[in-house]
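Peer 1: Here you go, one structure.
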């Protein structure tokens, strides 16, 4: 008897934003006390961001991941003990090691000895994690994966640099991906170019347990913008080709929620109407690896994304890294 082809498909989604919502005006007032000038109008015009969420000092990335994971598990209707693969995409882990994924596995009470590890591709992290989990499931090594993007970027922001501190926020999003004979993930593409590592980085490093250098995020905004708009269209087309789909067959585009100008540029280049693009950056800012699953969960829960529809996710981030995946929800 011929063995059936194995696919992976999305069973459920979840997300979590910490309760401390900081509006542009609140952030502007905070910065003004430090002698730094900005305004709600300046931030919105350049980024489309109106607010972001910051985690409390005693809340870690794994805590945010836990809340999002619980919601995804509930939505998927799976037994947590059936999850035999956990991948957390993050650039702000709780510790140097162990991985945030291992900490999350323990917090969820999963005792089955399944694999758990982190992926670090900054804002492309969720695209990398989803493609990785899909490959593991298709190979037959694992059956049910929990994929999480979670960040506490507020911990690495320099609040004396108005060009970066207004952009980022904290949050987490999660997806349950499970083995299926029915096609789900249809195509993925991942890329990196380390020669651009200096345009978006946190240059501090761990040396014998002590952080040397700056622990704050540094970004060349113009260079990032130029590179992002160039690679995002290409990687989207590549993923679509692997899925045997044309851009017009995509029901929903979920780009990394970084900057509304980058997002709309990519949407326009793909020939998609703006109404098919999911936008949540206005409400939570750039949450790095968490942004794509946050937006995905929002659109699933408000009824925009329906079963059977084609979804294209794409991200670009420090490294420089970029990636995209196409799936049938």
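Including glycine, each Cβ sits where the backbone N, Cα and C put it.
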Peer 1: Out of 252-256, 257-261, 262-266, let me know the one Swiss-Prot marks region 'ACP-binding'.
Peer 2: 257-261
Peer 1: Cα-Cα separation of residue 256 (active site) and residue 123 (active site), in Å?
Peer 2: 7
Peer 1: Can you grab the distance from residue 286 (active site) over to residue 123 (active site)? Cα atoms, rounded to a whole Å.
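Peer 2: That comes out at 9 Å between the alpha carbons.
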Peer 1: Between 0 and 100, where does the mean pLDDT of the region 'ACP-binding' (257-261) sit?
Peer 2: 95
Peer 1: Helix, strand or coil at residue 256 (active site), per DSSP?
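Peer 2: In the DSSP reduction, residue 256 (active site) maps to coil.
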